[in-house]
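Features as listed in TrEMBL:
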type	residues	note
BINDING	Tyr239, 251-255, Trp290, 293-300, 390-392	FAD binding site
DOMAIN	1-140	domain 'Photolyase/cryptochrome alpha/beta'
SITE	Trp325	site 'Electron transfer via tryptophanyl radical'
SITE	Trp377	site 'Electron transfer via tryptophanyl radical'
SITE	Trp400	site 'Electron transfer via tryptophanyl radical'
Amino acid sequence: MWFRNDLRIRDNKALYAASMRSKVGGTGNNHFLIALYIISEEEWAEHDEAPVKIDFWMRNLVTLKASLDKLAIPLVIKTARKKTDVVKVVEEVVQGMDVSHVFWSQELMVNEKKRDRLVREALVKKHAGVYVEEHEDQLVVPAEDVRTKTGNPYAVFTPFYNTWCKLVETESHYLEITEMPDANPPKAKEVYAEYFKAKPPSSHPHPLDVDEMKRRYPAGEDEAHARLDKFVQEKANKYHQGRDVPQQDGTSVLSPYLNAGVLSTRQCIVAARIANKNKIQSGDDGLKTWIKELGWREFYRHILVAFPRVCMSRAFQPKTEQVQWSDNDEHFQRWTEGKTGFPIVDAGKQLKATGYMHNRLRMIVACFLVKDLLINWQRGEKYFMNNLIDGDLASNNGGWQWSASTGTDSQPYFRVFNPLLQSQRYDPKGEYIRRWVPELKSLTDKQIHDPSQALSPKDFAKLGYPKPIVDHAKAKARYLEEFKRALGFP
């Protein structure tokens, strides 16, 4: 069983299938189930994976090994110095450990699909008697099952979600939780003693407070399920009320666990559906809203499969690639450092400090970068991936293209967030701003949203806080003019 971004033993289709196959028996040692994980830093760099996210993966690898050890399943950890070496590494493990069947969960990105195809071809052609099984486990409902009446993939969320919901409500197998694998015979501990004694890498260098990150995001399936259960039982019924308020603890913060595959989307939907009395689109407002957010996660994955160009940082709407973006590096730098002079935007410093940013803030800072500063959304997309502990290619790309009005089902290009109004609406008392922009903590609730206008020039200067780097009204007009030109509108 080749683990990738599915670091769990519960509800893992490929792992369970491998376990069942190992019970059939074979020659030599190939009736034991063996787990494989390949460290491929070149692949990680290619996808702009954040160091803090890789560290989270490594910490979960430790807990995965502990779970596998209890089942007498050895975890073999190998390193591919170059991404092209992955094929050779898999071949060496197959040959050296007398493997007869190789199982893995399908990945959705273009490069990963190509890599898996090369691995399959190498194993089948060069190693007689070796079989490969790829299992669809990244999507709750396979992409080919969610289609329009004309057989095409959906490009708009609402009709997609309606169809998707009908399928999961009427076809019970989509939400079936896969059983855990059986344990290997005890002899496996002797045969593969070196792997049971080996210690996996338990960390990866990153710039944040190591102990704080461990406290915020403890590793392991048990922790993920404890958080899921607590959220569903205690907070989900108010999710629709608090999800957009960044200073409230109103979201699940399960995204790091979903991204690493420590928890499956299917497990989350099942838990929410049970709490919602077996309902998906109706019932409790909070629970159905949270399920719908999981639906957005699914939607962006389906987009990734149907329109693979978005994997390569291409705009979903080709016309929008004609936009002439600003190359103002100073503006981009000040956006990353939280020095734009717009307090709610500058509160985005949360990302660099914690590896996480509230979803409402992600939308606000993304819209500001693209529509106030006229800076290419791709730069923001890359910056998020370089820093987020939960950075997910499909969701991150979908979110940025939504904000930039370049993607599928995006907000209209003429809709431009006013950062002042967003601040007053979603952080009315300035609590979130005070936490992440401490130089403004002494201001009143009214002053904190727009200090350069609320204070006298003398008092404002004492804050040591920058003036706004753009005039919002003028920046909006510039953006609209450029977008109209690119789209060919008069």
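Glycine is no exception: its Cβ is also placed from the backbone N, Cα and C atoms.
These numbers come from a predicted model, not from an experiment.
Feature map: annotations from TrEMBL on the structure.
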residue: Tyr239; record: FAD binding site; Cβ contacts under 8 Å, 6 or more apart: Gly250, Thr251, Ser252, Gly286, Leu287, Thr289, Trp290
residue: Val253; record: FAD binding site; Cβ contacts under 8 Å, 6 or more apart: Arg227, Tyr356
residue: Gly295; record: FAD binding site; Cβ contacts under 8 Å, 6 or more apart: Phe157, Phe160, Tyr161, Trp164, Cys165
residue: Glu298; record: FAD binding site; Cβ contacts under 8 Å, 6 or more apart: Leu139, Val140, Val141, Trp164, Thr265
residue: Trp325; record: site 'Electron transfer via tryptophanyl radical'; Cβ contacts under 8 Å, 6 or more apart: Leu374, Ile375, Asn376
residue: Trp377; record: site 'Electron transfer via tryptophanyl radical'; Cβ contacts under 8 Å, 6 or more apart: Ala366, Leu369, Val370, Trp400, Gln401, Ser403, Ala404, Thr406
residue: Asp390; record: FAD binding site; Cβ contacts under 8 Å, 6 or more apart: Lys53, Ser255, Pro256, Leu258, Asn259, Tyr356
Problem set entry | Count of other CB atoms lying within 10 Å of the CB belonging to Trp400 (site 'Electron transfer via tryptophanyl radical') | 28
Exercise. When the pLDDT values for the domain 'Photolyase/cryptochrome alpha/beta' (1-140) are averaged, what is the result?
Worked result: 95
